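Working notes for the structure below.
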Amino acid sequence: MVMGPENETAVAEFVLEAFSGLDQRLQLLLSLILLFVYVTTVMGNTTVIFLVHVDHRLQTPMYFFISNLAFLEIWFTSSTTVKLLVILSSGRRTISVSSCFAQSYFYFALGCIEFALLVVMSLDRYVAICQPLHYAAIMKRQLCTHLVVAAWVIGFTLFSYHLVLLSKLTFCGSNKIHHFFCDNSPLFKLSCSDDSLLWKADSILISSAVLGSLCLTMVSYMCIFHCILHMPSASGRKKAYATCSSHLTALAIAYGSCIFLYAHPSEDVSLETNSIVALLNTVLYPLVNPFIYSLRNKTVKLALKEVMSRAKLRL
């Protein structure tokens, strides 16, 4: 710590205290499990990106959006998981103030981008199922690129305020954050300056991003289900339902965890419970995404088998 204005002790670094109550051997075991999940997540999402890039059958708007989501998931889970692995494996729980602010910014900005991509993907499925004859004319490559770029720009731009307001806060008391990353609620509570503006701004923007994107996504799927009910082919209805049900499972995990964490007063739930739910959001969801959206698909499986066969022949 260093001396700040008015002889207060300004915080130079924070201590992330989540899971500190666990036995050291349990922490090591958890770190090994987490490492396996993290490596699997990165490999799974990287595989999706690679297959979409090399296989012409997967170079469609749907898989273009899925590959962008896979790229996002790698960075989203890395923003918190890498530091958590260091904490559990080495016990080094400190994080500098600037690194903490950067982690908080990227966590929320990437989360906002993810919700924007989910809206785009739901609209893509709506056009594919409800307007199949016009799909190619509507979902052109240029439009798809613009939608993805817009999602990234919106996420990073909207939450730039978060970083600016964070940098204006003063931390001069306790430096212990009861979480495994620099989440907003435990971080704001450590501030000894007026953080009411940041609380209000965060509450409004996070609620708008989560609930707004959820409403748009659900409207798209309601229209999709309406179209499915009027399909003449039973096999077509079954295939469409199977695809939508798996997508809705992924959406339930993403939106359910975020609503639980950020759509209620923080005092209602213990910090330990928040940490566990946050793990679902930052670790489990990026893990299951490539399997739900891509690796269960017959075309993706065939592309993967062909790539592996070519690799074996070269060996």
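Just so you know, glycine gets a Cβ as well, placed from its N, Cα and C.
Lifted from TrEMBL, the feature list:
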TRANSMEM  28-51  transmembrane segment
DOMAIN    44-293  domain 'G-protein coupled receptors family 1 profile'
TRANSMEM  63-85  transmembrane segment
TRANSMEM  105-123  transmembrane segment
TRANSMEM  143-164  transmembrane segment
TRANSMEM  204-228  transmembrane segment
TRANSMEM  240-263  transmembrane segment
TRANSMEM  275-295  transmembrane segment
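Mean per-residue pLDDT, taken over the domain 'G-protein coupled receptors family 1 profile' (44-293), amounts to 86. Residues 111, 114-115, 118, 121, 125, 129, 183, 206-207, 210-211, 214, 217, 221, 224-225, 228, 231, 269, 274, 277-278, 280-281, 284-285, 288-289, 292-293, 296 of the same chain, all 6+ positions outside the transmembrane segment (240-263), place their C-beta atoms under 8 angstroms from a C-beta of that stretch.
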